[in-house]
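*Asks:* Please read through the structure below; I'll follow up with questions.
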Amino acid sequence: GIPCGESCVFIPCISSVVGCSCKSKVCYRN
């Protein structure tokens, strides 16, 4: 549920390597 400061509209979350995932076009962690 914590925003990772990254969007995932056109590309996947680069921050997925630290546990972030795409939700509603924004990368979130927990």
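Using the three backbone atoms N, Cα and C, a Cβ is placed for every residue, glycine included.
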*Asks:* If you have Swiss-Prot open, could you say which of Cys13, Cys20 makes the disulfide with Cys4?
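*Replies:* Disulfide partner per Swiss-Prot record: Cys20.
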*Asks:* Would you mind checking how many other C-beta atoms are within 10 angstroms of the C-beta on Cys13 (disulfide bond)?
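*Replies:* For Cys13 (disulfide bond), the count of other Cβ atoms within 10 Å is 20.
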*Asks:* Tell me which residues of the chain lie with their Cβ under 8 angstroms from that of Cys8 (disulfide bond), as long as they are six or more apart in sequence?
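*Replies:* Set apart from Cys8 (disulfide bond) by at least 6 residues yet with Cβ under 8 Å, we have Cys22, Lys25, Val26, Cys27.
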*Asks:* Can you count the other CB atoms that lie within 10 A of the CB of Cys22 (disulfide bond)?
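*Replies:* Within a 10 Å radius of the Cβ of Cys22 (disulfide bond) lie 18 other Cβ atoms.
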*Asks:* Return only the integer: C-alpha distance in Å from Cys20 (disulfide bond) to Cys13 (disulfide bond).
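*Replies:* Here the two Cα atoms are 7 Å apart.
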*Asks:* In whole Å, how far does the CA atom of Cys4 (disulfide bond) lie from that of Cys13 (disulfide bond)?
*Replies:* 9
